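Trainee: Sharing a structure here in structure tokens format.
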There are 4 protein chains.
Amino acid sequence: MEFEASGIGEECGVFGCVAAGEWPTQLEVAQVLTLGLTALQHRGQESAGIVTSNGASPPMYTAHKGMGLVSSAFPPDALLKLRYGNLGICHTRYSTTGMSELQNCQPFVVDTLHGKIAVAHNGELINAHALRKKVMRHGVGLSTSSDSELITQLLALTPPMEEQDAPDWVARIKNLMTETPTSYSLLVMFKDVVYAVRDPYGNRPLCIGRIVPVSKLHSSGLWVMTIFVSFLVLRYYREVLPGEIVQISKHGVKSLSVVPRPEGDLPAFCIFEYVYFARPDSIFEGQMVYTVRQRCGRQLAIEAPTDADVVSCVPESATPAALGYAQQSGLPYIEVLCKNRYVGRTFIQPNTRLRQLGVAKKFGALTDNFAGKRVVLVDDSIVRGNTISPIIKLLKDAGATEVHIRVASPPIRHPCYMGINIPTKEELIANKPEFQDIAGYIGAASVQYLTVEGLVSAVQEGIASLQQKDKISSNNKSSKRVGHCTACLTGKYPVELEW
Amino acid sequence: MEFEASGIGEECGVFGCVAAGEWPTQLEVAQVLTLGLTALQHRGQESAGIVTSNGASPPMYTAHKGMGLVSSAFPPDALLKLRYGNLGICHTRYSTTGMSELQNCQPFVVDTLHGKIAVAHNGELINAHALRKKVMRHGVGLSTSSDSELITQLLALTPPMEEQDAPDWVARIKNLMTETPTSYSLLVMFKDVVYAVRDPYGNRPLCIGRIVPVSKLHSSGLWVMTIFVSFLVLRYYREVLPGEIVQISKHGVKSLSVVPRPEGDLPAFCIFEYVYFARPDSIFEGQMVYTVRQRCGRQLAIEAPTDADVVSCVPESATPAALGYAQQSGLPYIEVLCKNRYVGRTFIQPNTRLRQLGVAKKFGALTDNFAGKRVVLVDDSIVRGNTISPIIKLLKDAGATEVHIRVASPPIRHPCYMGINIPTKEELIANKPEFQDIAGYIGAASVQYLTVEGLVSAVQEGIASLQQKDKISSNNKSSKRVGHCTACLTGKYPVELEW
Amino acid sequence: MEFEASGIGEECGVFGCVAAGEWPTQLEVAQVLTLGLTALQHRGQESAGIVTSNGASPPMYTAHKGMGLVSSAFPPDALLKLRYGNLGICHTRYSTTGMSELQNCQPFVVDTLHGKIAVAHNGELINAHALRKKVMRHGVGLSTSSDSELITQLLALTPPMEEQDAPDWVARIKNLMTETPTSYSLLVMFKDVVYAVRDPYGNRPLCIGRIVPVSKLHSSGLWVMTIFVSFLVLRYYREVLPGEIVQISKHGVKSLSVVPRPEGDLPAFCIFEYVYFARPDSIFEGQMVYTVRQRCGRQLAIEAPTDADVVSCVPESATPAALGYAQQSGLPYIEVLCKNRYVGRTFIQPNTRLRQLGVAKKFGALTDNFAGKRVVLVDDSIVRGNTISPIIKLLKDAGATEVHIRVASPPIRHPCYMGINIPTKEELIANKPEFQDIAGYIGAASVQYLTVEGLVSAVQEGIASLQQKDKISSNNKSSKRVGHCTACLTGKYPVELEW
Amino acid sequence: MEFEASGIGEECGVFGCVAAGEWPTQLEVAQVLTLGLTALQHRGQESAGIVTSNGASPPMYTAHKGMGLVSSAFPPDALLKLRYGNLGICHTRYSTTGMSELQNCQPFVVDTLHGKIAVAHNGELINAHALRKKVMRHGVGLSTSSDSELITQLLALTPPMEEQDAPDWVARIKNLMTETPTSYSLLVMFKDVVYAVRDPYGNRPLCIGRIVPVSKLHSSGLWVMTIFVSFLVLRYYREVLPGEIVQISKHGVKSLSVVPRPEGDLPAFCIFEYVYFARPDSIFEGQMVYTVRQRCGRQLAIEAPTDADVVSCVPESATPAALGYAQQSGLPYIEVLCKNRYVGRTFIQPNTRLRQLGVAKKFGALTDNFAGKRVVLVDDSIVRGNTISPIIKLLKDAGATEVHIRVASPPIRHPCYMGINIPTKEELIANKPEFQDIAGYIGAASVQYLTVEGLVSAVQEGIASLQQKDKISSNNKSSKRVGHCTACLTGKYPVELEW
């Protein structure tokens, strides 16, 4: 399933880094930040922003924000501008609400009586509406509809600030966590440190690690980012725990506090990160996403076996699930489609009639591989149902005798209020009348989905086996018991919704 | 004197308009706003912004901001976006301070407990530093270094806001005027009205008028803008008085209040508006700027007569002063230079050696007009002294036997803290040692400036004669006594400077 | 009269330069060429091209062409690319015909058996159609509709080329001049020389001069260009004579030949260059254009005196004529309009109703200068009649009691086939019925034009007085007798038209 | 292997189409042409051009050319301009030589005595140098270094043209084929027909087919293109034979002539099309490229078996070969790398030190899939050897115990003079001393290449089996005997090289 076509989107990714050792650093902080943004680009292509600090007293902050991909938002002169940073945070944004686009772009920097802070935020505050009222009642004007501005003003507001007080941002962050339980993964930069904060339910991912020096002449450093994607210079250390505040500075990583959840509540990490958003080489809860997807494919083969000749998938995101299905079922894995890599980039609008050819124009059929055969086509999800139909037609025109659709996740039926952009209930194929005969509707021989139970077990199986091996993590109270947010599939939200 | 070369700049212009009669209006509000911005373009070329309101309850505000000239900041799709406005305010910005350029761009829109307001501001708060501290002590984070954000947060903050209260923005504006005496001309848009506010000293200009319908099918309306520049659709009505709050709505113009100055203080309208910034067809204090400049030229001829053959000027801004000098002195007015209109637009960087040719490359010498003659060259001001020198050389190379410089304003010697960007003290030619022999330094036969007294009398003479004629205005307390800010020439500031 | 509004346009300008002395030169040839193009920008804003040669054997030519103004067509990397040139030619283009825009852009470079030549051309071949047939009959395919490609292929074709022959481009140019008598001013670059060629009738201007070194470290050089516009580095030497081939090289200027006109024919320099196209500081036939225009104004005051109070003009091109009219008539010269310099640059399209405000939106009325007065408004030409009308209305609305239009040139009535783009006969106001009552049509109190005789005498008076003074030029056979092309005014073409 | 990194490139692709039935057609010719260009985008990303004809007498041709990808070269207004076309040809270009980039862009249109023709060309004339001399000796100036201009002028030149003659372009094309034997696939458009021409050796591919109507309301048509890539609207018919001239018009396809090769010579279709350039769903000589690549993988497993645990490849082009290797060897196929799809688009230049991380930054390691295992990594070719090395390091760092490289084609050792851009001999890894110990040099456990014989048999095996099945094609004389150009691998060129 293509991101663009599905209408599903994550709201943002965050990345931060701090150079270790002597400052001015030999680590190119601005370059590391843009590399981090690029690695998170699939979580937001609409705008991007970087703020660096030189870490001095008072600190000099430098910011650059731009629309579009990181590559166009950060031309060479922007990097030049940012070159004095010894630490920094950045943000890539998926969608924009509110009046002025660039204005909503993060990180936010505000000046307070205790100096400037910069904030980058991934997630969505479940009680945002009530918090806005509260802040405005205090006489604060809010210039955007962004939760991140709201967070920043909340940090400035409580407890009351006096000029003579020492800045105590940790107390302010803890206070914030009592005012709003989920969902956020947050970076707060103040002078020479970055605070990495994950909400008590751990709904959004956040992890930390080390930057290895490129050569003996260079500095090392620390990073924090939404999801880990491997780079030669980045080494994974661990996830930030639900409710944890971690301080990253030139002196290293320090866990400052873990704010607890209400008694009895489980963590609620977003299960859709596994299914859909994350890059296959990302690591959550100790396991690689590719492996989880492969397990989903195996589970699907158990739940929904098919009498067919070959297994394949729509390139490229469903490949691990298809390989898992093939391994479990014993059917051979083949390729059925090749992708024209240039079509996606084109803005040429063929007229209405040619547009009917739609999605399929992106793909060429590898006819010889499947002509005369019954094909199992594995996809990772079906959101709207409008892209799979022309692909099935393409395969049948090219000689497939049957096309069976197997979906490696359950149908999405409910909205997300914690940071994922999901099409309206009406647009979701699972809520449409035609879902009753989905196979007929899209022209498939049969359609079957993975069950919620199947998905949860495929995800949690790996964590269980890990926890047996790993003594240290099982001692840690917060992560001992396992739980995931499946609200978009089941309608069960981890906290009560306030309106 | 060319704006670009001098380094002097006004910080911004504002424009607002409201459609009269039935809404949705037949007046194209977005188009009128861009025309207004274009008319004010000479007061700011760095960025521009428009906010419109549909005037409904609650109002829908639409904003667009962009970098560069109005023409590039407002492409056709921006106008489309703004098309539902029945009223709106806009702003064009000269220079940018602070971290992110577009972020500082006005108008500012903020959401408060009483709804959204939009603010556009021309001027500079003389006690900005103290006010920032005050606001931040209240727990408000400030996201820009802009006075306009500060004004907006001050309006939200005092008096304290309660949800059940009716919005009373006029009380808040009055309170603001007690907190900061100068300098600002302000537009505040709330739902279906625009408040036009001028500070008690009247330091920055602001005037209002009527929009005449283009045909019988169209609506009329009201406008407010920094300076009046004639358009076929815009009719001048009057200036906003120092300290006055005027409300503009679909029902017409209404003067709500005039906040007084401290007893004994005179108005302090910026005298440099006459000398330098305003378009020659602008009207201040009842008189046309062109006429004032011509009077300056006449006064200069009286104060600094020359034994010469012809009078001319550097095109184009000094023409009225040169014509005034010619009329008073009896010497013939001729043209000595023609301008290559394309040179100014070029970004081609000739290398260092060719750059030495500098300013003069813009001009061609009209040799036949002055070869063998003694030329009086009138300029409106000499700020840095680095542009007049190559022009004198050009004229002498082309055959002028003597070039006498006569400057139709006094030398600038002091910084402005009320909204005008003036080069540092060190850069001002009047503060340099070479000013002692300025004529020798720039290669002129002689150099003479208009005196401060001469300038003030040339400006105030017209007002005096107007007040004799105009009974109504002489009854008005605020404008009865005449005064102008000459701080950049004399160092006497209208209010005490706070730091 | 504004160029843009009138629809009249010159087809192109050419510029060439050669560095003197040792090569690689210390003269920045690419920079000098872009400065030359900028100086000629008013003769063509649609596209521009530069070709440089390093002058070696074989030469390395480098070309860059681009659409739009010189400033956008030549970004810094284009100059970098051209930096090894020791000589070069360039071209700026007004209008484009033919299929592909950039393709028609000059200079043309072609490879021949005798090596590469580059050609830049200003003018229009009066027998182009017949010449194209001739070339194509020879088996040559023509890839553009441009006369310049045609000229280049003609140079390659005749006389027949043999590899062992020495290149003799002068013979080829002479042959070309026998095939096509007018109109062209031509630059032909071959290896290390530039040939400057003017057609036997001298219809298009062309002149040559010297480049003075910027400092002792730098080289001097030679230039050739359509019209001379003064620069600090450019010194005027003389015009290329009708029919003359001048060679410019590092060794200096050399007149190679003067191809004669048919017995009895006069030169036919385009009189409209004086009236309209040239910058006022340009020099033709020994006289400055500004002075000629002033004489036209004087002559107009004699032919068409007015009972009025003041004389003015539409800024800026008619100023010399207005000053001349004022001097001759004894009426005071004043300014009545000021121009919003930003309006012309805007691409914002106000809707149809606001567009009615048209041209007048560019101008502010300087009311005080003329309220209650009868105004003589001098313009340099009236081509279509659609721009003067709203200006008259603006002045009358602002208080002018009468507006008398005096036009400092005769009405245009005929097409030009020699390189000037003139609106169709139907669009010319002089050919419309409303011309019978032109004053009533445009709302003026009266309208009067300069006569053809008046124009010719104003132009030729200066040449006559020059020739009396200048013994050298009167010895020169070609320029002895004076003649001008007035075809667009009289319908008398200098040579018979072939179709 | 990534195209960008390897430095190998095909020079261009061509596409043409003609609407069948009544004109003006209901087939959107301009849209079909841009779709065709997009499908060929992988064969050239530097510039693109389209020329359409309305097919009338005389025809109106419309051209648009632009730099960059089809999507940026053809904005909506370009399509609007081309909308009257009933037939057209287009071209996408890989690399640019010569002075002015856009100028070299095809198709070329030239006006001749017999009317305008348009020419698009894929390939490189093996005797270009001698032909240029010949044309220039005739007095023709050549304005580009492009073979396509040369072809066009040759068509115009011989036989001699007379106005009264009927145009006979077929005779001219036949004459051209006797002057230059290879390599070219050529489209020549004249008025209402397109001639599709393939050189006698069939070195470059060219095929034809039918456009099926999108609905009953629409027209069908015919297409011709470099390689077939499946689209819903395009149906494959057959290849143009070596030496064949095919006419495509509204009346259908007509084979006009087959110009023979010298006695004894075999066809010489470029074998690298199979290995490298073509999209996997393309069809050459009756077989799908994907299948040929899979056979190459199988053959490689036979020639170079490995004692290892898993088989994988660098995504994405080597997948079929890797799957073939896995099938033949019995080892499991897994994925080892995932690609960051955004990295390739970035122009951010990390500094030198970060650049050392190079290629590997594009990929994330799917660690769990191969940690502790011995990996066979199949690649399609190794050209320079500088991209595979960091990938091997990445895999070993992530836990692979051994990495064996198997290359599914023989080493490239020789230049191509028939249209393929190959790095210089010095840059080719196969010609470097380190090739002796290539495995040590790149850090692999072992490296083995497919043999030339292995490649040829993998390619020709499919053709042989086809010819047995297909009676029609075996009757056709030209294609009976099979041969391929392997010059870049063996140094044996199909015709003698002239210089």
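Even glycines carry a Cβ here, placed using N, Cα and C.
Straight out of TrEMBL:
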- D:Cys12: active site, nucleophile (ACT_SITE)
- D:Cys270, D:Cys416, D:Cys485, D:Cys488: [4Fe-4S] cluster binding site (BINDING)
- D:Ser317, D:Asp379, D:Asp380: Mg(2+) binding site (BINDING)
- D:12-251: domain 'Glutamine amidotransferase type-2' (DOMAIN)
Trainee: If I take every residue in the domain 'Glutamine amidotransferase type-2' (D:12-251) and average their pLDDT values, what number comes out?
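Mentor: Summing pLDDT over the domain 'Glutamine amidotransferase type-2' (D:12-251) and dividing by its length gives 87.
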Trainee: Counting only residues 6+ away in sequence within the same chain, which have a CB under 8 Å from the CB of the residue listed as 'active site, nucleophile'?
Mentor: D:Arg43, D:Gly44, D:His91, D:Thr92, D:Arg93, D:Tyr94, D:Gln106, D:His121, D:Asn122, D:Thr226, D:Gly419
Trainee: Which secondary structure state does DSSP assign to the residue listed as 'active site, nucleophile', in the simple three-class scheme?
Mentor: coil
Trainee: How many Å separate the Cα atoms of D:Cys270 ([4Fe-4S] cluster binding site) and D:Asp379 (Mg(2+) binding site)?
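Mentor: Checking the Cα atoms of D:Cys270 ([4Fe-4S] cluster binding site) and D:Asp379 (Mg(2+) binding site) gives a distance of 20 Å.
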Trainee: Relative to the Cα of D:Cys488 ([4Fe-4S] cluster binding site), which of the binding-site residues D:Ser317, D:Asp379, D:Asp380 has the closest Cα?
Mentor: D:Asp380
Trainee: Cβ within 8 Å of the [4Fe-4S] cluster site's Cβ centroid: which residues qualify beyond D:Cys270, D:Cys416, D:Cys485, D:Cys488?
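Mentor: Here the non-site neighbours turn out to be D:Asn203, D:Ile271, D:Phe272, D:Met418, D:Ile420, D:Thr486, D:Ala487.
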Trainee: Hey, how far is D:Asp379 (Mg(2+) binding site) from D:Cys485 ([4Fe-4S] cluster binding site), Cα to Cα, in Å?
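Mentor: On Cα coordinates alone, these residues lie 22 Å apart.
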Trainee: Quick one: give me the count of other CB atoms within 10 A of the CB of D:Cys270 ([4Fe-4S] cluster binding site).
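Mentor: D:Cys270 ([4Fe-4S] cluster binding site) is surrounded by 29 other Cβ atoms within 10 Å.
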Trainee: Give the sequence-ordered list of residues that share a chain with D:Cys485 ([4Fe-4S] cluster binding site), lie 6 or more positions from it, and have CB atoms under 8 Å from its CB.
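Mentor: Correct list: D:Tyr201, D:Asn203, D:Ala268, D:Phe269, D:Cys270, D:Ile271, D:Met418, D:Tyr493, D:Pro494.
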Trainee: Could you round the CA separation between D:Cys416 ([4Fe-4S] cluster binding site) and D:Ser317 (Mg(2+) binding site) to a whole angstrom and send it over?
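Mentor: Here the two Cα atoms lie 22 Å apart.
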Trainee: Just checking, which of D:Cys416, D:Cys488 (binding-site residues) has the fewest C-beta atoms within 10 Å of its C-beta?
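Mentor: Among the binding-site residues D:Cys416, D:Cys488, the sparsest Cβ neighbourhood within 10 Å belongs to D:Cys416.
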Trainee: Counting across all protein chains shown, how many other Cβ atoms sit within 10 Å of the Cβ of D:Asp379 (Mg(2+) binding site)?
Mentor: 21
Trainee: Helix, strand or coil: which one is D:Cys416 ([4Fe-4S] cluster binding site) in, per DSSP?
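Mentor: The residue in question, D:Cys416 ([4Fe-4S] cluster binding site), is coil (DSSP, three-state).
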Trainee: Using a 10 Å cut-off on Cβ-Cβ distances across all protein chains shown, tell me which of the binding-site residues (D:Ser317, D:Asp380) has the largest neighbour count.
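Mentor: Counting Cβ neighbours within 10 Å, the top one is D:Asp380.
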Trainee: Which state, by DSSP, holds D:Cys270 ([4Fe-4S] cluster binding site): helix, strand or coil?
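Mentor: Looking at the DSSP assignment, D:Cys270 ([4Fe-4S] cluster binding site) belongs to a strand.
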